[in-house]
Amino acid sequence: MNRNPDQNTLPNITLKIIETYLGRLPSVNEYHMLKLQTRNIQKITVFNKDIFVSLVKKNKKRFFSDVDTSASEIKDRILSYFSKQTQTYNIGKLFTIIELQSVLVTTYTDILGVLTIKAPNVISSKISYNVTSMEELARDMLNSMNVAVIDKAKVMGRHNVSSLVKNVNKLMEEYLRRHNKSCICYGSYSLYLINPNIRYGDIDILQTNSRTFLIDLAFLIKFITGNNIILSKIPYLRNYMVIKDENDNHIIDSFNIRQDTMNVVPKIFIDNIYIVDPTFQLLNMIKMFSQIDRLEDLSKDPEKFNARMATMLEYVRYTHGIVFDGTRNNMPMKCIIDENTRIVTVTTKDYFSFKKCLVYLDENVLSSDILDLNADTSCDFESVTNSVYLIHDNIMYTYFSNTILLSDKGTVHEISARGLCAHILLYQMLTSGEYKQCLSDLLNSMMNRDKIPIYSHTERDKKPGRHGFINIEKDIIVF
């Protein structure tokens, strides 16, 4: 039987806190379920909603000025959400409301509210790069890799982009400057900071507090637009979340990484923003070309890739003194695939202290083998490399999350061979190891190559797990 609690037998302070929050006397079940939440509930109850409304209005004026909504509508939406619990009787939904309100009252001011106050002066730190000089070289490299055969019957799962992306990008530019110790960017926008001719869509970010930031941003968009905003978690992408609107239009996504991973990611400082070192990004691009659908993207829009590739090539030429004369030495390193065990053996003795690298195409098999080795020195760089690395008895063990392209039965295609070499070089950069000679040879191995057709490719590792989401409107959290 669901009775009201007896005020003589229950602690009056706890009861009063819950009663004030719910706007009603709690049932016995509500009381016992919510009493451990009293600290969070107190913070929500005493939270100054007027100051919060003011901050959201300032965010709206600065970053969403073209969105047609009034100050009174924003205030009504905020006050409505902070009183939503008074009309909610489902315990699960009450827990969700408390959790999300707690995030807002404890983090919003420091994360997004701070963007409305005067910013520090921007330290201009741009270097003039001669990207034009690299365009023909980039075009030659990419042309030799433009070997994908497009299946016109194949339906590609491309996300629809929200009209709010430009507003969020404006906010993100400021966010990256204010929070440059916990958030860095990569991808097209980061290259745009080097070469203004680069086109970019949304801003790709890595950060250490992704979930909190995305919740705060989702509420900001909800309060300004009135739209239902949904946060989704994809199981096969590590620590990845995306914000979409009620029509499934993509707004922004983010990868979360640990602070110790953030500390070792190579980065450079441009206009008060940290971006992932373009050398590291170039290696990631070479690695990603081993993915069959990335080659299909190249086939559809080669000029987009050419602008990015030329920018990164010029950066490494300027920064590392790379000479593009075709001297490739032992690059790409010899790669032998065992299609039964799904392990590629890369001969590394010409460049590194470890004699070979065993590249696993199934992550769970690698994890099992590492346990059998009884070694506890593996490095996990999370979504930065999508892999752990272990060096044990002069052998590197690692996982490769992309497809492996084959140029003939049992023969690794040179595009994938270079991708595997790039994957090993990512580790060298992250651990401050030697990589420059290997980098030079790898890049030179991409010059003056003929197109080699793709015979077949291995399938990617299938990741278990289910999709998670936060639906603000329906008060549901599934993770």
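Cβ atoms here come from the backbone N, Cα and C positions, even for glycine.
These come from Swiss-Prot:
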- ASP202: active site (ACT_SITE)
- ASP204: active site (ACT_SITE)
- ASP202, ASP204: Ca(2+) 1 binding site (BINDING)
- ASP202, ASP204, ASP253: Ca(2+) 2 binding site (BINDING)
Three-state secondary structure, which DSSP defines for ASP202 (active site): coil
Neighbours of ASP202, ASP204, ASP253 excl. site residues, C-beta within 8 Å of centre, Ca(2+) 2: GLY187, GLY201, ILE203, ILE205, ILE252, SER254
Rounded distance in angstrom between the Cα atoms of ASP202 (active site) and ASP253 (Ca(2+) 2 binding site): 9
ASP204 (active site) to ASP253 (Ca(2+) 2 binding site) - Cα separation in whole Å: 7
